[in-house]
Each structure stands twice: as structure tokens, then as C-alpha cells.
Ligand SMILES: C[S@@+](CC[C@H](N)C(=O)[O-])C[C@H]1O[C@@H](n2cnc3c(N)ncnc32)[C@H](O)[C@@H]1O
């Protein structure tokens, strides 16, 4: 496919997304009807689509329309490329620019529109991130790096770097965690490498790994991952100590992959239903990786940025509080409760944790940590609660 034809394909996919089809489904639909497209074409089209989704407000403004065509015209202008170079109508390229499309509309690059944050969210975003708000929003307009977690029960980090390099995946250690590697070349090959297939490495953001590093895990503990989902953090915990590990999720279907992933990593994880929690507890450590706005990972899920509403955020904050209250009851008398989100919003993080200790006698915040996208990782937050002596 020519560069122009790739742009036209992205325009069609974006129009489908704007009409309500999820991005992954639209890309799959296009892939099925475009057997002629090679792997490089598919990757390039996907990159166009995801870049447009990350920068949807600003690119629509620069392109003069919230449409696939407007987004691609705006995206080219944002990159300093004259769209007329690709909008030629030749070789399946999009049609030439109409009179009304020729002039670039003005855009304030420091406004919520220019920084691609919804207007309703911008005050909250600024309050949470202070002087870093603009920098964080700007990073959310870019593609996220790919990170791996080295399974230290199977291989040292330095050896994993060498083994991956033999399979043409180039990585560098990342200082967010002693298990983290940033992939600098060959990211698309990772899932086919023997290193991955044999469970020596897992795909996991570096901040997710760092969150698990903060948990006070020790050999012999009974540990519950209360919101386990696909078990990414349960597996990371398994790499930290010899634990009796339990995974739970209110939606057990989300844990479908946990047994296979555990087997690949060579660890044991027991999945529990909600009914089984009461009879299996209490636990020495209960970790809640709670459902949240996902604002720290909007580079990977840009549709989430535009889907979030203030009502939905309010619902999420209420759900997080409920989860903390339920999880606290499963902690043993000397145990620890931990709460994490992949959010950078204070209302889901520090304020949520302080509200928990304010309404729940007997608990204090022992530790808090946050990671922001400006430092290269996803945005994440964790708080670790301990019981007070009088509690
Ligand atoms: C952020 S995701 C977890 C991601 C996972 N820990 C990982 O590292 O791959 C949050 C999970 O919480 C689950 N969840 C939502 N409400 C819950 C509740 N009341 N109790 C337990 N889990 C809940 C969701 O189904 C979702 O899988």
C-alpha cells in the first residue's frame, strides 16, 4: 500500500469508530476485508488510527472536522506535514483537499483542546497534577513504551536481556523496578519469542511492577489479589516471595487466562469465587488493583479518555470505596491492605485512601507512592494500609 492508501484506510476505520464501533473491532473488520495489506501496512494503519484517537480533539480542530478525514488532515498538520502531499486521489489515496479544507484553523496548544483532555476533566487534571498537568497531558498524546517483567524465579534480568537479544528483541533495564525491561526494538516479536513462551518474561508496564515492589511480601504469607483481572499483578507477586496466592475478581471470566499464565510462569495461583472468599480468608496481604478511570494508561487505551464522564468517575470513586471496605474485612489481625489504581487523579488516589482511613477506625496509611507518565511509565498510585495499635 502507498502512504496515501494507508491514510485512506485509517480514515475509513476512524469513521467506523466515530459511528460507535470499538477501535479493535473496526481494525479487525478492515483487516478481514483487506487481505492485500501486508504486516507493515497493517502496523502503519493501526498506528495512524491510535495516534488519531490519542489526539482526537486537537487533530479534529486542526483538520476542521470530527471525521476520519478531518482527523488525518489535522494529524498531518500537527506533524508539520502539508496534507496536500498525501491527499492526492492517486493510488487509493484520499481525495484532494476541498477549498474549505485548505486553510489550517487556529489552535491554542496549551488549552485543554490543544492538549487533548476533555473540558470537564481539565480542572480536575490540573488540581491533581499541579505544575505537571500540561506535561502529563502532552505525554498522553504519544505512544506508550513496551515493557517486560523478568520472572526472577526463572532468570536474572541481565541474562533475560541477552536471551531476548538472540531473538531480535532489544531491551534496556528500566529503573522503575528491578524486574523491568523497556523494549527498544522488536516489540511486535515479543509474543513469539521462546523467552515469552517459556515464561521467562511477561508483558507488563514498569509502574505495574513497581506497585507490586511496594507490597511487604514475605515467604509463607497468604496473599489475596482481590481485583485480579487477567492476573498480571498476581503473577508479579508470585515472583517476589514463596506465597500462598489467591486471585479473585467480581467477574470470574476476567480470570480465565490466570491458570495458563500461572503454568507458563511455573507458579501456583488459586482462583476464588466471591462466595469462597469468606471461608478461605483471612489473608496476610489483601491487594486491590481497583477499577478506575484508567487515566494513567490512556496512551494504551485512548478511547477511555473520551468515554469517561464525570458521572462515570463518580461511580468509580464510589465503587473503589466499596471495594476497600469489603477487602479490609478479609485482612488478618496483623495483616496489610493495599490499594492501587492506574490513575493520576487525586480523587481516586490520595483522597480515596484518606477517606478510607477517616471512615474506618483501626487503619492508617503506612506508605503511598505514585508514578506519572512524564517519567516514562504508565501513571499509577498505590497506598499500603496497616492497622493502628489501638485498632
Ligand atoms: C484494574 S482491573 C485489574 C487488573 C489486574 N489486576 C491486572 O494487573 O491485570 C480491575 C478489576 O477489578 C474487577 N472488579 C470490579 N469491581 C470489583 C469488585 N467489587 N470486587 C472485585 N473485583 C472487582 C474488574 O472486573 C477488573 O477485572
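Backbone N, Cα and C define each Cβ position, glycine as well.
What TrEMBL lists as active site, nucleophile is 342. The C-beta environment of residue 342 (active site, nucleophile), restricted to residues of the same chain at least 6 apart in sequence and closer than 8 Å, consists of 207, 208, 292, 294, 295, 296, 297, 378, 379, 380.
Using a 10 Å Cβ-Cβ cutoff, residue 249 (S-adenosyl-L-methionine binding site) registers 21 neighbours. Taken from TrEMBL, the feature S-adenosyl-L-methionine binding site applies to 249, 289.
TrEMBL lists 136-391 with the feature domain 'SAM-dependent MTase RsmB/NOP-type'. Residues belonging to the domain 'SAM-dependent MTase RsmB/NOP-type' (136-391) score a mean pLDDT of 96 in the model.
Reduced to three states, the DSSP call for residue 289 (S-adenosyl-L-methionine binding site) is strand. Non-local contacts of residue 289 (S-adenosyl-L-methionine binding site) by the CB criterion (under 8 A, 6+ apart in sequence, same chain) comprise 211, 225, 226, 227, 228, 229, 233, 340, 341.
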